[in-house]
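Working notes, beginning with the structure itself.
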Amino acid sequence: MSDTTLEKIIVLDYGSQYNQLIARRIREIGVFSELMSHKVTAKEIREINPIGIILSGGPNSVYDEGSFDIDPEIFELGLPVLGICYGMQLLSYKLGGMVEAAGEREYGVAPLQLTGKSALFAGTPEVQDVLMSHGDRVTAIPEGFHVVGTSPNSPFAAVENTERNLYGIQFHPEVRHSVHGTEMLRNFALNICGAKGNWSMENFIDMQIKNIREKVGDKKVLLGLSGGVDSSVVGVLLQRAIGDQLTSIFVDHGFLRKGEADQVMETLGGKFGLNIIKVDAQKRFMDKLVGLSDPETKRKIIGNEFVYVFDDEANKLEGVDFLAQGTLYTDVIESGTDTAQTIKSHHNVGGLPEDMQFQLIEPLNTLFKDEVRALGTQLGMPDEIVWRQPFPGPGLAIRVLGDLTEEKLETVRESDAILREEIAAAGLERDVWQYFTVNTDVKSVGVMGDQRTYDYTLAIRAITSIDGMTADFAQLPWDLLQKISKRIVNEVDHVNRIVYDITSKPPATVEWQ
């Protein structure tokens, strides 16, 4: 964020699978936090002006050649520093301590025994469960440090040098398995770093509106509106900031959920007054996809065609200088650090032609998904948009296995509407992370009205998750599943069988394609 007066704690990224959680937990306390590359220098940190620094965990060994390092001048800034797991080992190693391979690795929940008073552990019990996940351990601490906590396999599980405001813990306070981890992070942020804890979504809105107005001035902004949560929130935020200087292009490719296109136009165009150019490109997309079965081919064609349609419409407009996107903080982290690995491609408007000379505006690029929903609520947006299900860019087209036909597409659109209606009626729409139907491209024999049928089998996929990285299948009530199945078979043509996907992630992904 550009505002250097904002209280913030930065997290240096050393590759831990939990590093995003650290920033999230600090934000939940009411202090803004963001991840930064471990390559950041002390000089750059001075310019950022944080009130504290956290060193994340990571998979490396600090004593190996080429392991992720730190500018040693960072320890001389006079800022509170908290090292977590690898971060603790790095802090100890760089300041003269010793780190070696543990004789016995420590993975899972372990009891932490506090051995002395510490501001970091204020208000937490003397013995508490914490999550350990390390193959190395500190075997000698630097001069000026003393031990405040031990575990069965880590004699230096928590250490500190209060004179220099340096703290190290071998475990992960950011995960829920560390029962009092949030209290430790709160102690670090509020008591040790001296944060006021007053960062809120309301403050974020005021700051972003100010930033947008300063950046845009009297120029025009173009937004690719998908109807999803992210682009919708961007649209409403920009509308509040710059009003009629914003033009949104909404491409209806024909693979949206039932009633979605109309809802976007009525809510965002009507209630919130966005200037929306709706492009009906359903035939254009379908003509390109009819008969195709390979999911990657479908994705590429839809992505490319979207770019062409968007480009055609953008070229009709004059005097547009800025392009707005709904990029989230998770996208920035995945693409912007040297510790991240790409698992699958995104479907955002990221592949726009290079000759479209726009400056980017990404007002959500410091927010996580749950924070975007909170922002939408703060902006007065209705729940049906704010809590809309995550939806892939290619839409329902990748929820049809095998060759894509209008008939199969309609089975998914209608059955999905029934599923969403019944989940909402049961009051479970916020308990289930994501839910949808899939046309499996499998036909089976059935009997309906005393006649033999040979129709499609649809699958219901419903999952529970915290962050979407891992997921369990949702254990929906049997009577609810029975009701959904009965409605789909009776109300949706060409369907005679429903199955329920009971696979977790991993090994499966959320989507079938």
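Backbone N, Cα and C define each Cβ position, glycine as well.
The following features are taken from Swiss-Prot:
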ACT_SITE  CYS85  active site, nucleophile
ACT_SITE  HIS172  active site
ACT_SITE  GLU174  active site
BINDING   SER226, GLY227, GLY228, VAL229, ASP230, SER231, SER232  ATP binding site
DOMAIN    8-198  domain 'Glutamine amidotransferase type-1'
DOMAIN    199-388  domain 'GMPS ATP-PPase'
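Geometry remark: GLY227 (ATP binding site) versus GLU174 (active site), CA distance 33 Å.
Taking the Cβ of SER226 (ATP binding site) as centre and 10 Å as the limit, one finds 23 other Cβ atoms among all the protein chains shown.
Listed in chain order, the extra residues whose Cβ falls within 8 Å of the Cβ center of the ATP site residues SER226, GLY227, GLY228, VAL229, ASP230, SER231, SER232 are LEU225, VAL233, VAL234, GLY326, ILE385, ARG388. Take the Cα of ASP230 (ATP binding site) and measure to each of the active-site residues CYS85, HIS172, GLU174: the nearest one is GLU174. Candidate recorded positions: HIS172, GLY228, SER232. Nearest to CYS85 (active site, nucleophile) by Cα distance: HIS172. HIS172 (active site) is 34 Å away from GLY228 (ATP binding site) when you measure Cα to Cα. In terms of C-alpha distance, the listed binding-site residues SER226, VAL229, SER231, SER232 place VAL229 closest to GLU174 (active site). Cβ neighbour count for ASP230 (ATP binding site) (all protein chains, 10 Å cutoff from its Cβ): 22. Comparing SER226 (ATP binding site) with HIS172 (active site), their Cα atoms are 38 Å apart once rounded. Cα of VAL229 (ATP binding site) to Cα of HIS172 (active site): a span of 31 Å. Counting only the Cα atoms, the space from HIS172 (active site) to SER232 (ATP binding site) is about 35 angstrom. Secondary structure at VAL229 (ATP binding site), as computed by DSSP, is helix.
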